[in-house]
């Protein structure tokens with residue numbers, strides 16, 4: 001009997017245990033709904049989920065309450081009616097009320113404190129995306145800011161690039177603005193203007209007047225119903241709701257009071273099933289059921305808290321369950337596919353695109369979550385237009401930014417009266433100048449501030465032409481930082497911003513860049529370039545080595561060794577001619593014995609002959625007579641002809657033509673490819689050339705060298721080349737060729753590389769880009785660009801000299817004139833020597849003649865005395881005495897000069913030797929004359 005009882009007890013225990021193991025787990029789901037009707041819908045949705053997922057071993061249990069008008073009451077109800085039931089999640093609706101009494105905020109705060117997930121059903125406010133406030137909040141609808149994605153897609157479909165964003169300065173407006181700006185940034189675009197107003201403001205006229213002055217005609221509005229109504233009324237008064245305008249708004253802006261004042265033609269959005277609370281209840285229950293099933297398959301799952309009892313009752317599995325919910329993908333939803341993003345908002349949502357026609361909203365398209373599908377034939381645009389507005393108006397007042405870069409843009413200070421000085425081009429036409437504001441770099445030493453200045457040049461003439469052709473006015477200013485534009489890091493972060501003219505254009509400070517801006521890929525990613533108005537490349541500027549002529553420049557054709565050999569040859573040949581003619585038996589060609597010896601070739605004549613043949617001066621006398629000497633003379637003449645011809649050819653090369661200089665051969669020159677501190681080259685900082693060298697891997701070595709020496713502007717670098725501080729400057733060929741043509745000490749060298757062009761820069765969304773390119777192409781065709789090129793770029797001063805026939809100057813031939821002057825001085829010096837020598841020789845001859853005359857008289861007198869003749873004639877006696885006295889005084893003067901000489905130099909000894917024989921004879925004669933005279937007197 002006891003055994004039977006034991007078996008019965010075991011059977012009952014096993015059956016109860018099996019029943020417990022087979023029973024599904026009860027999962028409570030809470031809900032805070034707007035009405036009792038929606039509570040019933042919630043319970044039905046839970047039952048449908050249990051039937052649909054009966055095999056999941058879970059059973060959902062519905063626990064719900066309705067909204068309370070008081071936040072404290074609502075929080076207490078959540079604790080007492082829902083959390084106390086150990087709910088895994090709470091669904092909450094957001095019924096529209098005038099003062100928004102039925103907000104889900106108390107539910108979100110209370111459940112979030114205990115980490116219980118909350119699923120919003122119709123809550124659209126963007127504040128619930130902030131997870132620092134609403135920690136566990138998810139929703140099956142997107143926030144209002146999600147409408148920015150639809151606006152952005154409509155901009156893409158209709159090619160609207162000019163927009164004005166008009167938003168209220170509250171959380172909703174800022175969220176919409178942030179999302180739209182993020183999308184525009186991905187498209188490398190931006191709103192032309194963002195206008196904000198305070199919520200509840202009653203006067204937005206000034207704000208709309210500012211919008212009316214902009215180019216954009218597409219206005220995107222994000223505001224509450226009442227604020228939207230205020231904007232619509234002001235826009236109607238300013239005639240901003242008519243033809244040409246486009247108004248894109250969201251769901252609030254075409255609801256309630258806003259719809260009463262909304263203009264016909266406005267385009268709004270309505271979330272499909274956005275207010276269908278029952279549909280969202282069904283989808284939310286399905287998402288929770290799927291997430292609970294996934295959660296229970298994990299380990300270490302704890303049950304939700306039972307009631308609101310301090311902070312020790314926080315659900316530890318709550319954050320995990322929230323992550324499971326956020327990763328859920330519920331494809332069978334009534335409202336479509338349900339997924340959540342990282343903020344817990346619904347990722348994909350469908351919208352109806354509504355058009356207000358005759359005060360009624362008409363659906364004219366849909367947004368399927370990724371693309372806009374419009375029905376253009378049904379759309380009536382503002383002003384009753386059926387054609388899509390272009391979305392902008394052509395502003396007739398453009399802000400032009402440029403940069404000082406001659407010859408494209410000259411910058412000069414204005415006169416005292418604020419006007420520009422009148423000047424004329426090389427063609428005699430007046431220079432067209434415009435007033436441009438910018439830093440006063442033209443006044444060194446003065447404080448740097450913006451002042452009116454005069455701008456003119458190639459680009460200014462082009463701007464005037466474009467303005468006249470396309471009917472716009474302009475105001476010109478110089479770029480503030482003096483740079484063309486490159487990207488640089490902001491505060492050492494990864495974010496980069498453009499500086500220079502590029503930065504001013506992209507930031508809206510300028511509408512157009514009219515300057516020698518190089519077209520390159522990096523810039524073209526951010527701005528729109530026109531067709532090139534000037535094709536060019538990069539080249540290298542160096543200083544020209546001007547040859548300096550010296551006094552011995554006429555001797556440069558021959559080396560000093562050759563000159564020495566030529567001079568030696570002249571004298572050797574002269575001596576050989578003299579010797580050959582002297583020793584040749586036929587050298588004198590004496591016809592008879594009476595021919596004088598002076599007719600023969602002397603050494604002096606031989607020298608004259610040798611120099612005369614070499615210098616081609618003609619031979620008047622002293623030609624060799626012997627055949628052997630004449631053979632040598634002919635050979636010497638041939639030698640002289642070759643020497644003179646070679647000298648003449650080389651003289652022209654040295655004096656007339658420029659010497660070939662050792663310049664840079666181009667970008668591949670070894671001095672550039674293998675940089676050193678002995679050869680410095682550079683370009684302009686943060687320019688297109690700098691970008692080019694930085695991007696080219698094969699030029700990295702050159703870039704590292706240049707980076708240390710780059711200059712702030714091209715003008716500074718060019719001056720550094722002239723001052724020998726920089727050996728080579730790499731820059732745009734158009735600019736450097738012009739500088740080399742104006743400054744004759746500079747020259748460009750090497751072939752062009754990195755060929756590109758100069759273009760006019762505009763923003764990507766500029767309405768002028770097509771017209772500007774067409775105008776430039778027409779200017780090329782009709783020769784206007786060629787005329788500008790001749791007037792400004794090809795106007796040269798140095799080339800006219802270099803292309804003219806080369807002529808010799810006094811500087812080249814100064815040495816020759818000095819040679820002539822030296823010959824004159826030498827001739828004058830020698831003539832004095834010749835005169836002195838001649839006088840000395842004549843004095844000696846006269847003395848000899850007197851001596852011989854005295855001797856003859858004495859001899860005659862002596863013969864007369866021996867023959868016994870009478871006393872000599874008194875006249876003869878007087879003559880004899882005069883001769884003897886003259887001779888005596890002459891001899892005395894010679895002796896006194898001899899005694900006063902310094903020790904009897906070598907010249908005196910030689911003179912004594914030359915005159916020793918006749919002097920002794922004269923002395924003997926003098927002694928005899930004195931004896932005769934004493935004898936006669938006695």
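The backbone N, Cα and C atoms fix where each Cβ goes, glycine too.
As written in Swiss-Prot, here are the features:
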DISULFID  79-308  disulfide bond
DISULFID  420-454  disulfide bond
DISULFID  436-455  disulfide bond
DISULFID  744-798  disulfide bond
REGION    603-624  region 'Pore-forming'
SIGNAL    1-18  signal peptide
TRANSMEM  560-580  transmembrane segment
TRANSMEM  631-647  transmembrane segment
TRANSMEM  813-833  transmembrane segment
Given a 10 Å Cβ-Cβ cut-off, pick out the one of the disulfide-bonded residues 420, 454, 744 that has the most other Cβ atoms nearby. 454
Candidates 79, 308, 436, 455, 744, namely the disulfide-bonded residues, that fall within 10 Å of residue 420 (disulfide bond) by Cα distance: 455
Can you name the disulfide-bonded residues among 79, 308, 436, 744 whose CA is within 10 A of the CA of residue 454 (disulfide bond)? 436
On the 0 to 100 pLDDT scale, where does the region 'Pore-forming' (603-624) sit on average? 71
Between residue 308 (disulfide bond) and residue 455 (disulfide bond), what C-alpha distance do you get in Å? 77
In all the protein chains shown, the tally of other Cβ atoms within 10 Å of the Cβ of residue 436 (disulfide bond) is 21
For residue 79 (disulfide bond) and residue 436 (disulfide bond), determine the Cα separation and express it in whole Å. 72
Where residue 744 (disulfide bond) and residue 455 (disulfide bond) are concerned, what is their Cα separation in Å, rounded? 25
Test of understanding: give the count of other CB atoms lying within 10 angstroms of the CB of residue 79 (disulfide bond). 17
Which of 308, 455, all disulfide-bonded residues, has a Cβ with the fewest other Cβ atoms inside 10 Å: 308
In three-state terms from DSSP, label residue 308 (disulfide bond) for me. coil
